[in-house]
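Student: The structure that follows is given in the form of structure tokens.
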Amino acid sequence: MTTMGRGKFKGKPTGQRRFSSAAEILAGTSAARPRSFKQKEAEYEEDIEEVSEEESEEEESEDESDVKKKGHEALIEVDNPNRAKPKTLKARDLDASKTTELSRREREELEKQRAHERYMRLQEQGKTEQARKDLDRLALIRQQREEAAKKREEEKAARDAKKVDARK
């Protein structure tokens, strides 16, 4: 009797995996960590205690003792603007004289509006190049219209004179 071969694939290895428990990890007996890791971890914990003592003195002076730091934050100063919770200010605490800085886009928009207003003021006074051209063109048109009006009056007077002559 021959045993059946399992073929090329020998089933899923998930049944053979072994995960370390939290107790094993803390004790340092898990298979995933090398033995030298225990020594490094002990030195690391001593460093953390020294750093945490220094930080506890700093935190008392900065009133940040209510915020508990997680993970590597205890060792490294992390400045993540998305993580910081905005402090709510009451209306009476706001400083009315303090002006807020505008963003680049807002500043550019304001400058654009001011430049346009300045240009329109100069335009009304006739000091810009375009205003001078417009005024010259307007003067030319007025002159042409006056000449045309005189010509029409002369033609009308001539027609009236012809009518009067024709009646006689």
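Quick reminder: no glycine exception, Cβ is built from N, Cα and C everywhere.
This is the feature table in TrEMBL:
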- 1-168: region 'Disordered' (REGION)
- 43-65: compositional bias 'Acidic residues' (COMPBIAS)
- 66-75: compositional bias 'Basic and acidic residues' (COMPBIAS)
- 80-157: domain 'Casein kinase substrate phosphoprotein PP28' (DOMAIN)
- 90-168: compositional bias 'Basic and acidic residues' (COMPBIAS)
Student: Going by DSSP assignments with H, G and I as helix and E and B as strand, what are the residue counts for the compositional bias 'Basic and acidic residues' (90-168)?
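Tutor: Counts, helix then strand then coil: 64 helix, 0 strand, 15 coil.
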Student: On the DSSP side of things, how many residues of the compositional bias 'Basic and acidic residues' (66-75) fall into helix, strand and coil, could you say?
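Tutor: Summed by class, the stretch gives 4 helix, 0 strand, 6 coil.
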Student: Please compute the mean pLDDT of the model over the domain 'Casein kinase substrate phosphoprotein PP28' (80-157).
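Tutor: The average pLDDT of the model in the domain 'Casein kinase substrate phosphoprotein PP28' (80-157) works out to 87.
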